[in-house]
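K.L.:
I have a structure I would like to understand better, so I am pasting it below and will then ask my questions one at a time.
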């Protein structure tokens, strides 16, 4: 049997310059995050807001369930969409709901959409060293009754938008929203206010298109429509393969 020196020696090779693997401590890696797929989207109108998500919960090429909507009703005027690691989504929404109950008992009123967004920012920032693996989008009505959408990064930075997509198919949905809702970089186009009917048609169309291309998005589309009358839900079937 050849020695290691004989095996790796060759003309012109200086073994003194070769990297050597030294014995070291055994390292155990902790990887708590799993991406469970799914896509969320929110659009704000003049007097309404829409928060939508698909219902597929998957891991790799396995589908855990086909009925796991990612839209969570927080108040009569606010809905949050969460996508990413499903365990963190559930934990985060339970924390938010507990904070909202405490606020209502203390102040005898529901928290506003803007205040919920600010609260979520502090919750996410408090976990900045071990962040929740969640894409968060809040949609609802502000204090003036106008539609509002707030998008977040994993550690709490947030901003108010008119529309936003997040999750596995966000790279496909966001350009469509930029074009059809935001009219970004378009010339000689009249910026017509978005009606609820047109927004609903657009949400359905973009999710149908996303389900054709993204394996982590599909099964069904759950749409939450927030108006001054309250929140109503609508479900649309998507492809299931």
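Glycine too: its Cβ is placed from the backbone N, Cα and C atoms.
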K.L.:
Based on the annotations in Swiss-Prot, which residue of 83, 106, 162 is described as phosphoserine?
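P.N.:
Residue annotated phosphoserine in Swiss-Prot: 162.
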K.L.:
Whole-number Å distance between the CA of residue 162 (phosphoserine) and the CA of residue 150 (phosphotyrosine)?
P.N.:
8
K.L.:
Measuring Cα to Cα, how many angstrom lie between residue 204 (N6-acetyllysine) and residue 62 (phosphoserine)?
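P.N.:
One finds 25 Å between the Cα atoms of these residues.
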K.L.:
Can you tell me how far the Cα of residue 58 (O-linked glycosylation site) sits from the Cα of residue 68 (phosphoserine), in Å?
P.N.:
10
K.L.:
Which one is closest to residue 68 (phosphoserine) in space, judged by CA to CA distance, out of the recorded positions 62, 150, 209?
P.N.:
62
K.L.:
Could you tell me which of these modified residues, 62, 162, has the greatest number of Cβ atoms within 10 Å of its own Cβ?
P.N.:
162
